[in-house]
Every structure is written in C-alpha cells, then in structure tokens.
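The feature transmembrane segment is assigned by TrEMBL to B:29-49, B:69-85, B:92-112, B:118-137, B:149-168, B:188-208, B:239-259, B:274-307, B:319-335.
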Amino acid sequence: MAALTREAAGRLLARQGILVAFAVFMVVFALANPRFIDIGNVAGVIRSSAILGVMALGVTFVVIGGNLDLSVGSMMSFSTIVVLDLHDTLGPALAIPAMFALTLCLGAFIGILVGYLKLNSLIVTLGMLSAIHGLTLMWSGGKNMDIADKAGTWFGIFGRGDVLGIPVPILIFALLAVVLSVVLSRTPFGRKVYAVGGNGTAATFSGVPRARVVFLTYILSAFCVAIAGLMQASRSLGSQNTVGQGMELEVLAAVILGGASLLGGAGTIFKTVIGVLILGFIQNGLLLMGLEFYVQYVVTWVIIILAVWLDIAAKRSRLWSPIA
Amino acid sequence: MAQTTTFTAAAPPDDAPVRKPRSQLVVQGAIWGFVVLELIFFSVAGRFLSNSDTAFLDLDNMLLLLKQSAPIGIIALGMTIVMINGNIDLSVGATFALSAIVLLDSMTWPFMQALGDWAIPLAWIFALATGTALGFVNGLVVWKTGVDAFIVTLGSMLGYRGLVFMYNGEQPTSHLNWTLVDFAEAQFLGLHTATWFLLGTALVLWLVMTRTVHGRNAYAIGNNREAAVNAGIRVGPHFLLNFMLIGFLAALSAVVFYSESGSVNPNDGMLYELWAITAVVLGGTKLAGGYGSIISTLGGVVAIQLLRKGLGYIGADTETVNLVIGLILIAVLFLDRQLNRKGSEELKT
C-alpha cells in the first residue's frame, strides 16, 4: 500500500511536477520577500517575460512535432530591425504586414528544408541562425536602428501601451496562448502535430501529411517570432542587431522546463507558459533578494536538469539511469 | 555488426565499425575539395576585387589563418568525438571562458607570483583541470540521470556562464605575462604555437579514435547503442571520458588563446559551440553518431576560416560571412543526403 501511494505520488509529480515546483518557488520567494507577490511586481515579471513567452509558444509546436528551432533568436532580431527600418520608410501601418511577410518567408524556407526535404532540423536551424544574423546585418548595415520620431508615433502601443489597465504585451501573450492552446489541443491540426512528433512513420501510414504538418509548425513559429519582434521593436522603438541573440536557447529552456520532450509528441501550451513564468519569476525573485542577475543562470541550470531528470525518472520509475 | 563485439585495438581506420556508404570516399574527400575550391576562388577573385597587394595564397597569410583557426578548431575536434559518440556539448563556450579566467587569475595569486615563471605551467594545469572538471560534471549527469546530452549541456551552458560571471562579476579578468606572450607568439618550423597545438590535438585524437579500444567503442555506441550494450560495452564510462576530453580541449583552447591576449571578458566564448558544431558538420560527422572523422573536422575548421578570411580579402562585408556560412551548412546537409542514402536515414533525429 505504501508502495502504491509512493507510486501515485511519483506519478502525480511526473505529470504535474512542474506545477508543484512552480508553487513551491512562489511560496518560498513570497515568504522571503513579500514584495515578490505584489501585483505590480507580478505584472512586471509577466510583462517582461512576454516576448520570450510568445516565441516559446511557437517553438512548442515545433518541438512537439519532433524538431528543434534554434533560429528564433536571430529571426527575432531580423523582424525587429526590419519593422523599425520600414516604420520610417513605409509608415507603421505598412511596415508591420511587410515585416510579417518577410519573417514568414524565412519560416517557410526552414519549413521546406525540414518538412519537405526532411533535413535535420538542428543543423538547418543552426545554419539559419547564422544566415539570418547575416541578413539582419546586411539590412541594417551593422548600425543600430532607431525610429526618428519616437514621440509622434502610435507604434509603441504593442510594447508600452495599456488596455483597461492591463499592459498590451501581457494581453498579446495571454490571447496568443489561449488561441494556440485551443489549436494544439482541440483541432485536427494539433492532433496531427502530436502524431507526427510521437511516431512519424505511424503518422505517415495513417495518412497524416507529415511534411505539411512540419512545414506548418515552422510557419507558426515564424509567426510567433514576428509578433515577438513587433513587441520588442515597439517597446524600445530602437534596437541593436543582436537583440535576440541567445534567446533561442532560453526559449528552448522554457519549453523543456514545461515538459515538452525533445523527441517530440509530448508537451502542452499551458506547461510552456508555466516554464516561461518560472524562468521569469526566478530571475525576478533572485534580483529582489539582492543577488546579481547571473545567479539566475546557475539556478536555471540546476532547475532544468532536475525538472527533466525527475520527469524521465518518473516515467521509467527509476531514479538513476539504466545506462551501464 | 559482429565487428563491434571485438575488443582488439590497433585496427586500421578503414575497419572502423561503420558500414560504409557507397560514396564515403566522396564525402570524406569532399571537405578538402571544398577547401581547394575556396583557395582557387579567392585567389582568382582576389586579383580583380582585392585592394590588397599581397596574394591570397601568401604564405604568411596562410600561416596566420591556421593560427586563427586554432581556438575554434581545438574545440571542434573535441566536439567530433562527442558527436561520434551520439552526444553533443553546448557548454564548450562557457567552459572555454571559465578556464580562461582560471588561467589568468591564478597567476595573480600570491603563492603563484612567488614562483615567478614557474607559475605558468601550474596555471595551465589549473585551467586544464577546470575544463576537465566541468566536462566531468556534464558526463556524469548524462551518464547517471539519463537525460539527453543536448538538454544537460544546454543547462550547463547557462550554469557555467553563470559561474563565469560569479567569478569576477561583469569585469574583465586580465593578467599579461610576457614570457607567456612570447611563447604564444613563437614560431617553430614556421608554424605558430597555436597551430602546433591544433595539429597535435588532431593527431592525438585521430590516434585515439582509430587506434584504441575507446575510439572503437565510441563509434560502436554512436552507431547502435543497444547493439553496443549487448556486446558488453559499458556505455557510461565512454560518455564520461568523452565529455572530460572535450572539457579538457575547451580549456586547452582557452590556454592557447589567452596566453597571448591576456584578458578575458565574461562574455567570451559565446556561440563558440555553434561554430564548433558547424565545423564538425561541414566535415561530414553525423549528428546521430557513429560516423565521423577527426581529419575531416580539421578540413571543416580550415574551410570556415578560409571563408571568413577570403570574403574579407575580396572586400565583402563581414556581414555576408554569416549568411554564406549558414547557407553552406544547409547546402552541405542537402548534398550529403543526396549523395548518401544511408545518411538521410541517420539524419532523422
């Protein structure tokens, strides 16, 4: 009986471990510093996590489909730079759709390579990380991009605005999370993404158009990146070429923390959101405790490995790996 | 696959426990063909486009190129053996930076300063030990927890970078030792010190991978882990050893580079993992493991450095280098698949 309950506890931890960890974190930080759960602070954390979060939503689809996307960081730099540049030449109303079109083209290119040509996603997106960075530098000529008339544009609304007292980035993040969650869990397309990532061969034999599904996950990822780029550009109204550098790995860390398997077929939007929030709140909590920003790197390291380890340990019901 | 069960060392490389794809010779030689192609292209194009008076194929230019490719090259060689084993290491850039800090900082410790120039070998040992220890942690976690190496090293990439910052905050760590600088700038038989380290590392690793039990087993594990386990190979210790090796090599790379420069920023080494992986993949090593060669990686390293230098030489903006390298990486992947059907099967992660 005792073994049974322990097993049950283990299963609960395996399924909801990330939620438990999140709850424990919040309680500990809140006890350490009451300002931590101040509504203004919480809103601030979610707001600053929103850009990372939006990108993580798209990457969740790619990862569940059994692939990786390391290009989102430099793609985000690209869309930020492009929309800022076009803002002054075309005006904001035209710049935004133009930037979305260009970013989606990049996503489609990756989608064709990985989906239809079946090339390894890690290497393709690694190559694209470098290539898109090159494109960004060529577009900007290596210079920082700034909007000329920062006071006289409505462009800042996506990153700085409020609607009904709620910051717009939070609204965008929440809305997108809800929509994509429905897409992933309630539509045929979502089912197919799980099928392709879970067992690609079986999916193909069941008539799932594997190539098209993978292609669409990259389109979706690029779409999310474009939104993130828009939010970033709108928040700062000016940007360096390297604004998204390194974010691809942070995004991946959030997605993995949320329990999506790198082998594909597992993960949910809700858990990715939790993963994003954990990263954001750790950073904030440690800062409030007066620690330097880089302490979060070490803490994140430990948490990622513990999270994934406990997850797979519960699945194989053994703590240590069977590797001889 | 019966070959994998044998434990005899000293097998010639051609007998490596890999079923040879038909076009292996093409693939193996391809990277060197590409290097030659680059040399010809930049020499010819340079005549018309370059403002510089010296030819691209100038001896000093080439020697410098080899020297400059050493830091990434040494790491890429280590990455090759980890990838042959079916793993990957994303934390090398941070390991590089932390080893560099230990190297420079340890020379300022009071007891080390008392030693005079004898502090140098000791500082090297400290740095190399740091790298090896970080690799040990990665390897042990991969072995004992069974978490995928990609995730483990993605985590430690962040974690080790955090340690780098914790060591000295956001300040650069500097210490210039002129004996060390003289050593790093020395040329022996025309080649720079860094080049000798690169070539020496390549030679040693080539011997390890083709002439030792560890090398054979590493190929076997990467090729088919289950078969290797059934053949009685203990997978874990080989993982551990390879991660320690790449940690050691990341530190060696830091030793080679920072002996000369004498100052390390906490952001140094970022994205090195991506450059190293690019070089390894250009060299034809398969991500899925079980296939790859040290010598081809050396070709990949030289090819990338040639491209960077060459594009600069013909007056292209530095920006285009990233674009070209990224596209070439994808093109290589595509060509490799077209040439090599088995490759395409292996490349499905």
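Including glycine, each Cβ sits where the backbone N, Cα and C put it.
Curation does not apply to TrEMBL; its annotations are automatic.
Fair warning: this is a prediction, and the values are worked out from it, not measured in the lab.
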Discussion item. Using a Cβ cut-off under 8 Å, which residues of the same chain at least 6 positions beyond either end of the transmembrane segment (B:118-137) come close to it?
Written reply: 89, 91, 95-96, 98-100, 102-104, 106-107, 112, 156, 160, 177, 179-180, 183, 240, 243-252, 254-255
Item to complete: Using a Cβ cut-off of under 8 Å, list the residues of the same chain at least 6 residues beyond the transmembrane segment (B:149-168) that approach it.
Response: 82, 87-91, 93-95, 97-98, 101, 105, 134, 137-138, 141-142, 239, 266, 270, 273
Worksheet, complete the sentence: With the cut-off at Cβ under 8 Å and a gap of six or more residues from its ends, the chain residues touching the transmembrane segment (B:274-307) are 13, 18, 27-28, 30-32, 34-35, 38-39, 42, 65-66, 68-69, 72-73, 75-81, 83-88, 92, 198, 202, 205-206, 209, 219-224, 321, 324-325, 328-329, 332-333, 336, 343, 346-349
Worksheet, complete the sentence: Taking the transmembrane segment (B:69-85) as reference, the highest number of CB pairs under 8 angstroms among B:92-112, B:188-208, B:239-259, B:319-335 goes to B:239-259
Worksheet entry | Best-contacting stretch, by C-beta pairs under 8 Å, relative to the transmembrane segment (B:92-112) and drawn from B:188-208, B:239-259, B:319-335 | B:239-259
